[in-house]
Amino acid sequence: MESITKVSMSVCPFVRSTSTQALRQLSQTSGALANQARQCPIAGNAIRAKEISIRSYSSATKPARATAATPSTPEATFNVTSSFELGSKETAFDYNGYLGNELEKKRSDKSYRYFNNINRLANEFPKAHRTQEEDKVTVWCSNDYLGMGKNENTLKEMKRVLDKYGSGAGGTRNIAGHNSHAIKLESELAALHKHDAALVFSSCFVANDAVLSLLGQKIKDLVIFSDELNHASMIQGIRNSRARKHIFKHNNLADLESKLAQYPKSTPKLIAFESVYSMCGSIAPIEAICDLAEKYGALTFLDEVHAVGMYGPHGAGVAEHLNFEAHLKSGIERPEITTVMSRVDMVTGTLGKAYGVVGGYITGKTNLIDWFRSYAPGFIFTTSLPPAIMAGCSASIRYQRATLKDRIAQQKNTRLVKNNLNELGIPVIPNPSHIVPVLVGNAADAKRASDLLLNKHDIYVQAINFPTVPIGEERLRITPTPGHGPELSKQLVEAVDSVFTELNLNRINDWKKLGGLVGVGVEGAAKVEHIWTEEQLALTDADLNPNVVNPAISPLDVSSGIST
């Protein structure tokens with residue numbers, strides 16, 4: 001009978017909010033309220049169950065013999081359907097209707113996502129074909145920033161390992177999925193960021209979620225400070241951590257410090273932020289954030305997803321770029337000075353953007369990485385990346401470490417596009433990075449602009465709408481690569497200009513009349529300087545330290561577990 005009461009509590013709000021003592025009193029009285037309650041098919045069952053329980057407890061019985069736990073018998077199972085005497089007019093919850101309504105909401109607010117069938121051609125980069133192979137377009141929004149998806153070195157190594165070791169890893173890292181390719185990749189990543197150790201995940205979304213949630217769950221009283229523009233993966237991890245959190249204004253050091261100062265230095269803290277924010281192209285003040293972290297006793301968690309491969313003399317990201325000369329001189333070795341990169345506690349990155357393959361990772365001190373390896377469910381309970389994938393990632397890292405030409409070509413092509421669009425009054429959101437965000441300001445217009453570029457001009461640029469960006473700040477996100485030279489850039493600029501005219505979209509002067517938005521048309525705004533200087537863009541591979549070419553990198557013990 002106890003099961004009847006439990007089921008009633010799960011179904012009826014009256015029973016759920018009524019104490020056991022109150023139910024007992026109702027079962028022993030005959031007032032109007034009690035009589036009405038007995039008429040309810042749900043509350044009545046709970047009251048009758050309590051009556052039987054009371055009678056049973058009051059009767060003389062033999063002492064019960066203690067027995068081992070046994071499986072439940074069919075008689076002990078409460079059949080909800082038969083006991084509630086469902087009427088013929090009752091229907092089940094309309095699951096499909098609910099889902100349809102939710103989807104209709106997204107269609108109504110123009111945030112419903114349509115996927116374009118775009119098949120990138122390795123031998124014709126940056127070309128792709130649509131559904132029909134003869135229907136070719138130029139891709140201008142890929143995150144394969146350096147075109148490494150077609151790199152001969154990477155493809156050759158992947159094919160070699162695929163032929164020898166097969167298509168899959170065969171299991172988790174703990175059960176048959178750990179191999180020399182995983183050890184090598186983690187060793188390469190640790191060497192790239194000049195950290196002690198690294199750990200590879202299936203994606204950086206998983207890495208961010210797994211690491212941040214674990215830190216918040218395990219470190220008692222941890223307080224997390226998160227930039228308001230952080231990626232969804234970081235937001236998800238912080239939410240799953242259940243730790244106390246503070247959201248600070250984007251790249252606002254004063255706001256961050258005011259929040260850090262609310263806690264004693266002894267309170268564990270973590271500052272989570274990105275180096276390059278992918279939808280606006282802004283770059284974090286990493287060094288100043290490290291200063292605040294040291295002042296207030298906080299760990300630093302830096303997401304370099306949109307920066308690895310793109311910045312620094314060896315592609316380690318913005319943290320490396322901030323000490324460009326020191327890292328250029330030392331090559332694979334750690335510089336003699338304290339660098340920004342060495343001050344950051346944790347760096348997460350991706351192998352699926354500038355490196356052109358797939359996967360995510362985190363780097364840091366040995367104990368920290370071993371702790372994640374030992375405790376993070378997102379790492380422990382998932383199948384390892386295939387050997388061919390990890391081999392391809394290692395090949396990409398080694399290739400980009402030993403060359404500057406792709407990063408420099410990409411930066412030059414980015415500047416060409418930005419300058420030419422600005423000359424025509426196309427509203428490029430100002431930023432110092434490789435991202436070219438073109439402000440539209442309306443979801444429907446952003447979708448129409450993207451469709452026109454694709455269907456009329458054979459140019460694929462994806463519209464970016466809510467929730468990726470705030471409502472009213474919808475945009476087109478353009479990402480030049482080394483393969484987008486002057487001729488392709490000319491075609492793009494002419495096409496965007498044509499679309500803005502055809503749809504009568506706001507240009508820079510129009511936004512200026514409206515008071516400006518996200519840096520576009522803002523009176524008196526300071527000029528934004530690119531992070532790559534003219535001197536750095538003039539460098540060649542001959543300026544690199546020779547020790548970055550095919551270096552011998554020792555395998556990390558922590559990748560397999562450290563013996564004591």
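The backbone N, Cα and C atoms fix where each Cβ goes, and this holds for glycine too.
Within T414, T468, T479, the residue that Swiss-Prot lists together with R113, S226, K245 for binding substrate is T468.
The pyridoxal 5'-phosphate site in Swiss-Prot is built from S278, H306, T382, T383 plus one of T338, T350, T403, namely T350. For K353 (active site), the nearest neighbour among the listed binding-site residues (S278, H306, T382, T468), judged by C-alpha distance, is H306.
It is 23 Å from the Cα atom of K245 (substrate binding site) to that of S278 (pyridoxal 5'-phosphate binding site). DSSP assigns T350 (pyridoxal 5'-phosphate binding site) to a strand in the three-state reduction. Looking at R113, K245, H306, K353, the recorded positions in this record, the fewest other C-beta atoms within 10 angstroms of the C-beta turn up around R113.
Counting in whole angstrom, T350 (pyridoxal 5'-phosphate binding site) lies 19 from T468 (substrate binding site) by their C-alpha atoms.
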